[in-house]
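> Let me give you the structure first, and then I'll get to my questions.
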Amino acid sequence: MNYLNNLNVFKRRRNISSTTDSSSAVSSPATPLPATIDGAAGTSGAPPSGSGTPQRKKKKKKNRKRTISVVPISEVTEASLELWRTLPPKIRHDPSMVSFQQVELEHARLHGDCHEDSFPEIQGLEEDGAEEDDDEEEEEEDEEYENEFITINVTNEEGQNKEIGHVKEKKEIPKPHVHHLAGHYIGNITPPKHDDINDTGQNNLDEDHPFRKYSKIICLFITWLLIMSFMVVKDEKLVEPKHLSISPGKTKAYILPHLPQSTRIKVTLEGTFLSEPYSNITEHYLEVYLQMLSSTLEMNSTDMYSSSSTKNISDSWYIPIVHPYLFDSAPIVKEQRLFDIIDTNYEQLHQANGGLVRLMIRSNIPASMPIAIRYDQSPVNRDVGVIYAAFVLIFLYVLIIWEIVHRTFAAVIASTLAISILAALNDRPTMEDIIGWIDVETILLLFSMMILVAILAETGIFDFLSVYIYKITNGKIWSLIHCLCLCTVLISSFLDNVTTVLLMAPITIRLCEVMDMNPVPILMAITVHANIGGTTTPVGDPPNIIITSNQYILKHGVTFLTFTAHMLVGVIIVVITTNIHLRIIYKNINHLRMHEPKELKELRRNIKVWERAAGKIPPYSKDANIVRETLMKKVKLLRHQYKKKMTKGTVPEDIYRSTLEELQREHPIKNRPLLIKSGIVCVFIVSLFFLESIPELRRLSSGWAALLGVVLLLIISDKNDMDAVLSRVEWPTLLFFAAMFTLMEAVERMGLIDWIGHATETIILSVSEDLRLAVAIIIILWISALTSAFVDSIPVTAMMVKIVVALSEKAYLGLPLQPMVWALAFGPCLGGNGTLVGASANVICAGIAEQHGYRFSFMDYFKLGFPIMLVSVLVTTGYLIMAHVVFAWH
């Protein structure tokens, strides 16, 4: 009976009216039967007339997207058919083996030997549903066969089970449910942390490795002992100012009360001086030099200096001063100079009987001039200080890169060590100096924006925006990433990058949780784009503010519009390059997921099963090669499907629709009145940010503007529970910035920043005049970028501005100012992408991620950010060379 049923089915499939026609169809080489990739067996010639209803035909046609001829029926031999019969049921029943299935059916019809499990696809067209039990048995058989290739359990003599050949998969982190998206800080979801991370964000490796734990404690304890010994032994250096009046036509002699302890004397003068860029517009100068005075009388003489010899022991220092009628209105300017005493003069000074050093000051103006003077007779030896500064920075990065301690604690230890080294070099700063090193403006801005974002989170706006972005991207992963990055660049162009990250990070985390993606790579990507976008305008990044606030640069045509026009072209090129870079890095979309989709797991498993089945067939004969090639063609198709799904990440349509409806229902705007009030305050703060960029209307700094806006929001929102608001402030991040500001100022005081500046200037001056502009652009861009990747960009920019202005002032060099300004603007902003501590936004993003349970280390960011930084700076170099060296846009 089964034989007759199978024969009738076969006739309907082939539209055959007699046994003879069927037999000739098998033997005829002109009628090969192709196999399909997607389901039912392919057919040749006219479509079958009795294969089912029109709806069924339509469905089959829709499912069959493409057909290929794997093995023509004419090439199926008896020997290859025997090999095919030895394959597992899952492979024999696959649509790609339809030629073998049909030949087997013909063989069964002719010889009466029917193998019912050899052609389930053909039998499946019967209208009754009696095949369900067979399918269950088949699934069990397939499962058993897959396990044969993936996991083999062996029992040894002791009765213990061993697992051989088990393919271990990556441990999956449970996906947080979308119902709980609102709340904590910017959301109360705290996904499970990795096994090796504890609640403080530190590795548990210390507990697993006692040697690592105790060696860390010993090294840090030794560092503490060094700091303690230097701080206890050395006092703070107090340099009191002295006020002098320089009479017209006379030289004022100020005798230093003690002999210099080294061959260097640092002199600081404060008065109505002209800054260096304007030194060429006046003829009035103050001349300062050192003079050695030695007595020629005996020590018991009543007048020691009635007969003495003098000798100038330093070069003259000329300081430009304003016109006398501006003395009462001109601002006070501080000038410093390090006088070097020749070794022979220094020895002669200490060998002389009663020798002294005096500071000689005179002016060429016809009026008395008041000045304040400070002198330091034991300044830091910068040749040695540079080495110590480099050591402190290396020590800091070792602590952060290898995660020996938390990055905030690492910054505190490194800054304290830097201060103790200054004490050892007889230059211990006072507490007032240290407090003055901290950039209160930045700390105030960060504090205010953290409170603003925390209050905005209560309105549900971040969840609402997440749902909206999820909707417009249609569940496509790369569309979502590009949309987030583009929004980040646009916002960062007009707000500082720290504020941008504070706004975008919560939205990014929510979207990643909804789409079952790992937020860490996406957070790092938006941080990179925040730093790139901040390059566009003068108000986008602190280095740009430093550059455009320089009076000399403003006087030479660098306005808001010219700055934006020149930077915008480069930013667009860098954004395109960075997005291409990201696509290459995350070519495998699974690297962005928290879990590998079930569909891809099944494909990988099938590829393994088919490959091993092909590997078991010995390629010794033509018949065996036919079966082997058939299996390998199937493997190739499966690999193609796997690669396509791996590079194109989307959420299945049904899941996307249901998730979108659920999110829209669960996450509306929660507090519209508070959202309106917060929106008004945000507009107020942004307006003050823009007014700050206009010199005539500049009254409030960014920190004050943000603080006043937050105070206004707290007033109109009637917030009484301040503990809840302040608990959302990232206090470790603020402490990290305070410690880093202190460290960078200490490093600058040791002479590292000046050493980098002088080295840059020397390299530029060493090349020929024709190549000088190109070399200047390359040196300024790369030095500032690489330095900003490891040192805070603010002191680097302040140093490089002086170098750019000095190079532009030297007319014999013939270097235009603007190309060097654009190179300097690109360098620190793009260089901040290099390391986790390269820019403020990077640290802020890491803090927000850690608070939500997603932690990335220094090396995690370095692996993504540093290559992107190198490529970005390389592309920018090409842009600046083409625009200003080749086409002379300036």
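Any Cβ shown, glycine's included, is placed from N, Cα and C.
Taken from TrEMBL, the feature region 'Disordered' applies to 15-68, 126-146. The compositional bias 'Low complexity' feature in TrEMBL is assigned to 17-54. Annotated transmembrane segment per TrEMBL: 384-402, 408-425, 437-457, 477-499, 560-586, 674-694, 700-717, 771-791, 864-889, in sequence order. The feature domain 'Citrate transporter-like' is assigned by TrEMBL to 397-827.
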> Determine the mean pLDDT over the domain 'Citrate transporter-like' (397-827), rounding to the nearest whole number.
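Mean pLDDT, the domain 'Citrate transporter-like' (397-827): 85.
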> Residues of the same chain, at least six outside the transmembrane segment (437-457), with any C-beta under 8 angstroms of its C-beta?
185-187, 429, 496, 498-499, 502-503, 506, 542, 674-675, 678, 681-682, 685, 701-704, 706-707, 709-710, 713-714, 717, 719, 725-726, 728-730, 733-734, 737-738, 741-742, 745-746, 794, 840, 844
> Which listed stretch (384-402, 408-425, 477-499, 864-889) has the most C-beta pairs under 8 A with the transmembrane segment (674-694)?
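The stretch with the most contacts is 477-499.
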> Can you work out which residues elsewhere in the same chain, 6+ from the ends of the transmembrane segment (384-402), have a Cβ less than 8 Å from its Cβ atoms?
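That would be 410-411, 413-414, 417-418, 421, 425, 743, 746-747, 749-752, 755, 790-791, 836-837, 858-859, 862.
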> Same chain only, please: residues at least 6 beyond the ends of the transmembrane segment (864-889) with a C-beta under 8 Å from a C-beta of the stretch. Say none if there are none.
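Beyond its ends, the transmembrane segment (864-889) has Cβ neighbours at 521, 524-525, 527-528, 532, 566, 569-570, 573-574, 577-578, 581-582, 585, 773-774, 777-778, 781-782, 785, 789, 816, 818-819, 822-823, 826-827, 830-831, 833-836, 838, 842.
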